[in-house]
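Record features (TrEMBL):
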DOMAIN    507-702  domain 'STAS'
TRANSMEM  77-97  transmembrane segment
TRANSMEM  104-121  transmembrane segment
TRANSMEM  165-192  transmembrane segment
TRANSMEM  240-258  transmembrane segment
TRANSMEM  270-289  transmembrane segment
TRANSMEM  325-345  transmembrane segment
TRANSMEM  357-375  transmembrane segment
TRANSMEM  395-414  transmembrane segment
TRANSMEM  449-476  transmembrane segment
Amino acid sequence: MVEPVGNQYVVARPVYSENSFGEEHKKVHRYHKTFLDHLRVCFRCSPQKAKNIATGLLPITSWLPAYRIKEWLLSDFVSGISTGLVAVLQGLAFALLVYVRPGYGLYAAFFPVIGYFLFGTSRHISVGPFPVLSIMVGEVVLKLVDEESWKQHFNNSTALDEERIQVAATVSLLAGIFQLLLGALQVGFVIIYLSQSLISGFTTAAAIHVVVSQLKFILQLPVIGCKEPFSIFCQITKTNIADLVTGLIILVIVFVVKEINERYKTKLPVPIPIELFVTVVAAGISYACNFKERFQVDVIGQLEKGFKPPIQLDMRVFQSCVGEAFSIAIVGFAVAFSVAKVYSIKYDYPINGNQELIAFGLSNIFCGAFSGFAASTSLSRSGVQESTGGKTQVAGLLSAVIVMIVILAIGFLLEPLQKSVLAALALGNLKGMLMQFKEIGVLWKKDKYDCMIWVVTFLCTVILGLAIGLGVSIGFELLTIVFRTQFPKCTLLANVGRSNIYKNRKDYVDIYEPEGVKIFSCPAPIFFANIDFFHDKLITSVGFNPLRVLRKRNKALRKIRKMLKKGELQMTPKSFICTVNGLNDSDEELDNNQIEELDQPTNMADLPFQIDWNAELPPNITVPRIDIHSLILDFTAVSFFDVSALRVLKATLKDFIRVDVDVYIVGAQDGFLDKLERCAFFDEEIKPSIFFISIHDAVLHILVKKNGDSSPKFKPMKEMGSSDHYIINTNGELRNRAYTIPTETKF
C-alpha cells in the first residue's frame, strides 16, 4: 500500500525476498519464441507482407503516389535547381581529391542521385560527392597508380587518366557491393559502432587530408610520386602566384559569405549561393583575360560531352583494395545515415538503416559502373536542399537534371575555370568540419572517454591514413567499452537520510551503516573478463579475504585438536588455558596436508566446545577477526552473468558463508534465478532464499534476524498482527505502526 503524505509517501508492505515475492505475486506464463518460430514468421507470406516487402525495397512506391503536386512541386523545383548548381561545382571540386579530371566529378553528382531517388528513405539529404569519401578514394588511386613510374614507362597522360578513373570507379563499385551485401544481410546496426565522437574526429582528420591535398592545386606545384605535405614545401619556390592569389581571394570570399549565411540564416529566405557567383565570375575573368596563356595557370580544360560506357572491371584492383573499399562503404553510410537521421527527427518521418545501405550500395554500383566515384551526402548540399524548400527526393531528381544539362550541353562554359578556384571551393566547404576542433574542450568536460576517442581517432587518421586510421580508431573505441566494463566503479553503499535510499557512502554526510553489514554495488555486467576484478574489489571493500580466513581457521582447528589430544589445552567458561609455552608443530608441517581440506567448512562437532573466532584464542594461534556478519551484493545494474563469472561467484559466496558471513543478493534481473537453476548454482550452502527484491528489504531482514542487537538505534518493532511489517521514520528507527508519526517525518 502506498499512502501519499504531502510531497512524501508512506509505503507499507512485507519484507520481500525473491521467493516470498514470487509466492505472493504469481508470474504470468509467457511463451518465448524459439528459433524455429522466428523462421516460420520470417518465411510466412501474406498479401500484406508482400506489399510491405515491396514498398520497403522500393520506397518510391509508397511516397510518390501520395505526392502533393500543388503544395510541393514548386518548392521542390526551386530547391532542385539550387541544389543542382551547387552539386555541379562540388562535383568538379571534389574530383580533384580523387586525382581524376574534374569532368568525372559530374558523373558522381548525377548517377547516385538516380539510384537514391528510387531506393532511399530520406526525403531531404542530397546524395553525391563528399570530400571525406573523395579523399579516401583518392588515397587508393595514389596507392595503385604510381604517376612517376607510369610516365617513365608510357609517357602518356591520357592513359594515366584512364587508369586513375579505372581504379576510382572500381573501388567505388566494390564499396557499393559491400553496402548492398550489408543491407541485404540486415546489418544496418553496424552504424552503432561508430560513435559521434569517432565520426567527428575522423571527419576532422579527413578535412586535414583534404587541405593538404588541395595545396598543390592552389599553389600549382608539380608534385609527382611524393607524399604531401613535405614534397609541397620542398617545391614551394615553384608556386604559381596567379593561382595562389586567385585561390586565396576565393577562399576569403567563400568563408565570409558562409559566415553571413550562418549568422543570418533566420533572416535570409535562402542561403547566398556564393559558390555559383564566384565560379561564374572567376570563369569569366579567366576567359576574358586569357589567364592560361598569360600566367600559365592550370584550368579545367576540355569537358567531355555525354556519358561514358560502362567500365570493364579490373580484378587486380578488386583484390588490392578490399579493405579500403569496406572502409569507404562504412564511412559513407555512417555520414549519410547521421545526416538523414537529423532530418527524419526534425520532420517526423521514419528512415530504415538497412534500406539506406541498399540504396547507397546500388547508387555506388551504378555510379562506379559509369566512371563515377563513391558518393554519400554533403552536409552543405543537403542544407541547401532543405533550406530552399525541398520536400522530397523530387528535388534531388531535379538537381540531377541540372547536372545532366551541364554534362550534355553547357559544360564547355566551365573550361576556362582555374583548378585553384575549385580547390578553394573544396576548402571552403570544410569550415564546419574544421570547426569541430571546438568539441575537444566540450567533450573533456562531459566525458573524458569520448574526448580520448576523438583525439585518438584524429591522430590515427592523420598519421596512418584514412582507412587504417578508421580501423585503429574503431578498435580503440571498442577497447574503451571493454575498459569501462572490465573495470567498473564498484562502491560500498550506505543508508542516506534514514530512509530506504542507499548511495555511495563517500558522497554523503548523513549516512547510516548498520553495524556488521556491508553493502557492495557493481554497476556493470559481470563476465569472464572482469570477474577477477570484481572479486578483488569485493575483498578490498570488506577488508579481508574469506578464503584465507577459512584456511587460517582450519589450521587453528588442527592445532587445537592436537593440543586437546596431548592435554596441552584446557577450556574454562571464560577462555582457553594452555599448559605449554609453545607448540612443536610448524606451519610448514601443517601445510603439507592437502590444500582442499583447508577450504572445507570448519567442523567443530568433535570438540567439547564451540569456538568464538572473534574472542581470545590460545597462544600461538592467530586467526584474523571478522567485523561483519552480513554482506549485501547489489546487482541492480548487473545486466548479465556468464558461466565463468557464475563459477567464481559461487566459490566466493561459499567462502563468505563458511566464515559465518551471511550473503544476500538484491536487485537481480528477471530470469537470473532461472539461469542459476539451470547452471546448478544452488546447493546446501547457497540457497535461493538469499535473493531479495531491494537493498532495504535485505537490511530489514538482517536486522530482524539479528534481533536488533547490532544497532540499538535501528531496533525493529513488529506490527501487531503481522510478522513482517515495519515502518521506519527519518530518525532511523523501526517503530510499531500504531505509533503516531508526525506528518513531516513519515516514510
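Cβ from N, Cα, C; glycine included.
Because TrEMBL annotations are produced automatically, they should be read as predictions rather than curated entries.
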Selected stretch (most C-beta pairs under 8 A with the transmembrane segment (357-375)) from 104-121, 240-258, 270-289, 449-476: 104-121
PLDDT averaged over every residue in the domain 'STAS' (507-702): 84
Tertiary contacts of the transmembrane segment (449-476), as residues 6+ beyond its ends and Cβ separation under 8 Å: 132, 135-136, 139, 193-195, 197-198, 200-202, 204-206, 208-209, 323-324, 327-328, 330-331, 439-440, 443, 484
Ranked first among 77-97, 165-192, 240-258, 325-345, 395-414 for CB pairs under 8 angstroms with the transmembrane segment (104-121): 395-414
For the transmembrane segment (165-192), sequence-distant contacts whose Cβ falls under 8 Å of one of its Cβ atoms, 6 or more beyond its ends: 98-101, 104, 137-138, 140-141, 144-145, 311, 313-314, 317-318, 321-322, 324-326, 328-330, 332-334, 337, 352-375
Other parts of the chain folded back onto the transmembrane segment (325-345), taken as Cβ under 8 Å at six or more residues beyond its ends: 121-125, 127, 130, 132-133, 136-137, 140, 171-172, 174-179, 182, 188, 190-191, 194, 196, 199, 202-203, 351, 353, 356-357, 360-361, 364, 374-377, 379, 382, 386, 466-467, 470-471
